[in-house]
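As recorded in TrEMBL:
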- Phe63, Gly64, Arg65, Asp139: substrate binding site (BINDING)
- Asn124, Tyr126, His136, His216, Arg228, Thr232, Arg234: 2-oxoglutarate binding site (BINDING)
- 1-14: compositional bias 'Low complexity' (COMPBIAS)
- 171-189: compositional bias 'Basic and acidic residues' (COMPBIAS)
- 117-237: domain 'Fe2OG dioxygenase' (DOMAIN)
- 1-21: region 'Disordered' (REGION)
- 165-191: region 'Disordered' (REGION)
Amino acid sequence: MSLQLKAANPNPNENAKKGQTIDLGNGSEVVYVQRFMAYDEAWRLFDYLDKQIPWTRPTIRVFGRSCVQPRDTCYIASAGLPELAYSGYQPHPYSWDDFSPLTEILKLVQKVLPGSRFNSLLLNRYKGGNDYVGWHADDEKLYGSTPEIASVSFGCDREFVLKKKPSKSSGGEKRSDGEPESKRLKKSSDANQHSFMLKHGSLLVMRGYTQRDWIHSVPKRAKAETTRINLTFRLVL
Ligand SMILES: O=C(O)CCC(=O)C(=O)O
Ligand SMILES: [Mn+2]
């Protein structure tokens with residue numbers, strides 16, 4: 001299958017097309033482009049990915065226990081990179097050459113993010129609202145200290161949540177002003193959590209210190225009935 005991808009058509013909503021940048025503070029940043037890809041093209045790609053990617057649902061280890069990963073996965077990497085391992089699982093690296101539409105999506109990502117470089121891709125398929133990814137940061141050493149991760153979504157809209165890691169210096173009871181506890185908690189929860197409904201054909205970019213200072217998840221959602229496919233492009237150093 002060969003595809004010539006183009007960016008989404010002009011849209012009255014400038015933010016949806018050009019993207020919005022969310023400054024998370026202390027050098028962490030997220031960019032969200034809702035209409036990254038044209039709608040119909042994104043559905044063609046969904047069908048291709050759903051049918052042609054060699055999906056597996058591996059057994060992983062979490063807190064010393066074996067469990068089946070609650071989503072399907074596949075890994076693509078350029079030749080000669082160090083091997084990726086997470087939760088006791090080492091995915092087989094497939095070649096970009098065997099999945100040319102993925103290279104087309106990569107080119108479109110690099111066009112929207114000038115100067116970015118990616119050489120690996122982790123794909124996830126959530127076959128309904130019971131499939132999820134738990135709280136984690138993509139802070140593996142092989143990505144370096146400030147990885148840029150570009151995430152493209154297809155199919156069912158799902159919520160993506162970012163939560164600030166508890167800061168090491170702030171002990172639970174320490175206070176510096178006389179503000180009531182309830183008010184302080186409300187304020188901190190606003191600044192310390194961000195949620196995005198990741199739409200079909202959208203792009204979300206995490207960069208700077210986001211993996212060092214924040215964790216993220218795609219929680220279970222009873223109402224999400226259909227399949228979602230997500231691609232995260234990364235640079236292995
Ligand atoms: O599916 C998503 O939007 C996120 C996936 C993710 O965080 C990961 O693969 O590390
Ligand atoms: Mn992640």
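Heads up, the Cβ atoms here are built off N, Cα and C, so glycines get one too.
Curation plays no part in TrEMBL annotations; they are all automatic predictions.
Distribution of TrEMBL features across the structure.
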{"residue": "Phe63", "record": "substrate binding site", "CB count, 10 Å": "6"}
{"residue": "Gly64", "record": "substrate binding site", "CB count, 10 Å": "6"}
{"residue": "Arg65", "record": "substrate binding site", "CB count, 10 Å": "7"}
{"residue": "Asn124", "record": "2-oxoglutarate binding site", "CB count, 10 Å": "21"}
{"residue": "Tyr126", "record": "2-oxoglutarate binding site", "CB count, 10 Å": "25"}
{"residue": "His136", "record": "2-oxoglutarate binding site", "CB count, 10 Å": "12"}
{"residue": "His216", "record": "2-oxoglutarate binding site", "CB count, 10 Å": "23"}
{"residue": "Arg228", "record": "2-oxoglutarate binding site", "CB count, 10 Å": "24"}
{"residue": "Thr232", "record": "2-oxoglutarate binding site", "CB count, 10 Å": "18"}
{"residue": "Arg234", "record": "2-oxoglutarate binding site", "CB count, 10 Å": "22"}
Is Arg228 (2-oxoglutarate binding site) helix, strand or coil when read with DSSP?
strand
Going by C-alpha distance, which of the binding-site residues Phe63, Gly64, Arg65, Asp139 is nearest to Asn124 (2-oxoglutarate binding site)?
Asp139
Let me know how many other Cβ atoms fall within 10 Å of the Cβ of Asp139 (substrate binding site).
17
Ligand 1: which of the binding-site residues Arg65, Arg228, Thr232 have a Cβ closer than 6 angstroms to it?
Thr232
Distance from Arg65 (substrate binding site) back to Tyr126 (2-oxoglutarate binding site), taken between C-alpha atoms, in Å:
22
Looking only at C-alpha atoms, tell me how far His216 (2-oxoglutarate binding site) is from Asp139 (substrate binding site), rounded to the nearest Å.
11
Considering only the binding-site residues His136, Arg228, Thr232, Arg234, which residue has the minimal Cα-Cα separation from Arg65 (substrate binding site)?
His136
Checking the spread of the substrate site as listed (Phe63, Gly64, Arg65, Asp139): what is the longest Cα-Cα distance, in whole Å?
21
Could you state the whole-number distance in Å separating the C-alpha atoms of Gly64 (substrate binding site) and His136 (2-oxoglutarate binding site)?
16
Smallest Cα-Cα separation from Asp139 (substrate binding site) among the binding-site residues Arg228, Thr232, Arg234 is shown by Arg234
Mind computing the max CA-CA distance among Asn124, Tyr126, His136, His216, Arg228, Thr232, Arg234, which the record assigns to 2-oxoglutarate binding, rounded to whole Å?
20
Which residue counts does DSSP give the domain 'Fe2OG dioxygenase' (117-237) for helix, strand and coil?
19 helix, 50 strand, 52 coil
